[in-house]
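To keep things clear, I will list the structure first and then write my remarks on it.
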Amino acid sequence: MERYSYGMVGLGVMGRNLLYNIADNGFSIAGFDLDQEKVKELEEGAASGMKVRGTDTLEDFVSALEVPRKIILMVPAGKPVDAVLGNITPLLTEGDIVIDAGNSYFEDTNRRVADLASKKLHFMGMGVSGGEKGARTGPSIMPGGDPEAFKLLKPMLEAIAAKVDNEACTAYMGKGSAGNYVKMVHNGIEYAIMQLISEAYDLLKRGAGLNNDQLYQVFKEWNSGEMNSFLIEITRDIFTQKDTFTDNYLVDQILDKAGAKGTGKWTSEQAMEIGVSIPTIDIAVTSRILSAYKEERVQASEIYSEKEITKPEDTEQFIKEVGDALFLSTLISYAQGLSLLVKASEEYGFEIPLKDVVKIWRGGCIIRSVLLEKFYSAYTQDPNLSNILLDKEISELVKSKIKALRKTAGYAVANGISSLGIQTALGYFDAYTTKSLPVNLIQAQRDYFGAHTYQRIDREGVFHTSWQSSNN
Ligand code: 6PG
């Protein structure tokens, strides 16, 4: 009987596309899904020359694979992963490898690694980014876990991943559940950048009064220079899409309530948990939550009536400043996410190679951008950089844009255009670059009402004062 090198459980769009990508690169692969229709479609949709087989039962699937088996799961995160593992692990043999390619929570991965290890099986968490198209043509792949198991997968992963300068957008992300963690933070950054782009859109639309054709031109221009990125590129194209029900542009017919599957929220929760400041990511999560309160927002807008907007004096200049503000606030969002990875790596012993993280984010994934090239050289020079804002070259770039960020933030505030992402990026920057923050006063207050003690600037030790009330 012919044996297949890889197996894929879950033949939804992502699973099927990733499977075809693997087959395209000359690897044989068997697929399984509880939905037999999907299994049937798999072989029908395969190109000639691909070594692909759809299997009807999990038993057939497992016995069709070479040993040690290398099985990729592309099923929804949470219970479905445990359900598949419950059914499949009794059929596996020592040394087999199960790779979860979904957006699983890293703690779930830790639990599964331990559970499968007790059965002498390997379990790996592997982030995959790039959406449906990326899965088919070359995603960014973030595997973590057992380094020995990773070695067996490496040639295949390098073959199917996106390429930048002939280098594959995949690398070992670290121990344990590092692969899932890096992907989670990728998504947190994705939330922040999307929030920032939507704010820039609002400023250009309601502030400068640009229509969709003009917005297309602006995003086209932005995408052709230092702001070149996947998210700017697709935003450019969104402004050209006409609606099929009306004569309008589709973007204007879409209800302003944002959905979320939860990876952004996990990123924020994690940052709170381990003590890292990522306010632009936090605000992106909470802005989506606020957007869902559409009916209340409409009610409130009637009570408070929206502020009259003063058009910027020089539209060209304004567009340039908004572009620079978007560029810098995006850079600051990456800085926040990467600083979370630095701390998480220490906290959980992941040993995440930051240099490789930014390297593999340069292509294939949703947050790919040319800016990551600069981050890559920064980490190449100093792999232990605790915050990308501390790099010399990056700091020059930041300095050249900070005025524009301040002006844009000021314009938004003065005109009542909500710009939570832009404001928090600037606020984070100002706090992070301030030698003496006013939290000496917070420490005094804490000590005043709760004897929580404080440290001094001029001597070692912990102090408490019996604070004088001026009331008596
Ligand atoms: C990717 C995306 C992908 C997915 C997000 C969407 O990297 O390919 O991030 O993982 O599209 O989960 O997340 P929300 O539904 O939460 O916006």
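Backbone N, Cα and C define each Cβ position, glycine as well.
According to TrEMBL, the protein has these features:
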- LYS183: active site, proton acceptor (ACT_SITE)
- GLU190: active site, proton donor (ACT_SITE)
- ASN103, SER129, GLY130, GLY131, HIS186, ASN187, TYR191, LYS261, ARG288, ARG446, HIS452: substrate binding site (BINDING)
- 179-468: domain '6-phosphogluconate dehydrogenase C-terminal' (DOMAIN)
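Recorded features from TrEMBL, shown on the structure.
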residue : record                       : DSSP class
ASN103  : substrate binding site       : coil
GLY130  : substrate binding site       : coil
LYS183  : active site, proton acceptor : helix
GLU190  : active site, proton donor    : helix
ARG288  : substrate binding site       : helix
HIS452  : substrate binding site       : coil
Completion exercise
A correct count of other C-beta atoms within 10 Å of the C-beta of ASN103 (substrate binding site) gives 21
Completion exercise
Checking the recorded positions ASN103, GLY130, GLU190, ARG288, HIS452 against ligand 1, those whose Cβ falls under 6 Å of one of its atoms come out as ASN103, GLY130, GLU190
Problem - Among HIS186, ARG288, the most crowded of the binding-site residues [Cβ within 10 Å] - result: HIS186
Handout entry: Surrounding CB atoms that lie within 10 Å of the CB of the residue listed as 'active site, proton donor', all protein chains
Key = 23
Fill in the blank from the handout: Least crowded of the recorded positions LYS183, HIS452, counting other Cβ atoms within 10 Å of each Cβ, is HIS452
Completion exercise
The number of other Cβ atoms within 10 Å of the Cβ of TYR191 (substrate binding site), counted over all protein chains shown, is 28
Completion exercise
If you count the other CB atoms within 10 A of the CB of GLY130 (substrate binding site), including all protein chains displayed, you should get 25
Completion exercise
CA pair GLU190 (active site, proton donor) / LYS183 (active site, proton acceptor), Å rounded to integer, equals 10
Practice task
Could you pull the average pLDDT for the domain '6-phosphogluconate dehydrogenase C-terminal' (179-468)?
Solution key: 97
Practice task
Measuring C-alpha to C-alpha, could you say which of the binding-site residues GLY130, TYR191, ARG288, HIS452 are within 10 Å of LYS183 (active site, proton acceptor)?
Solution key: none
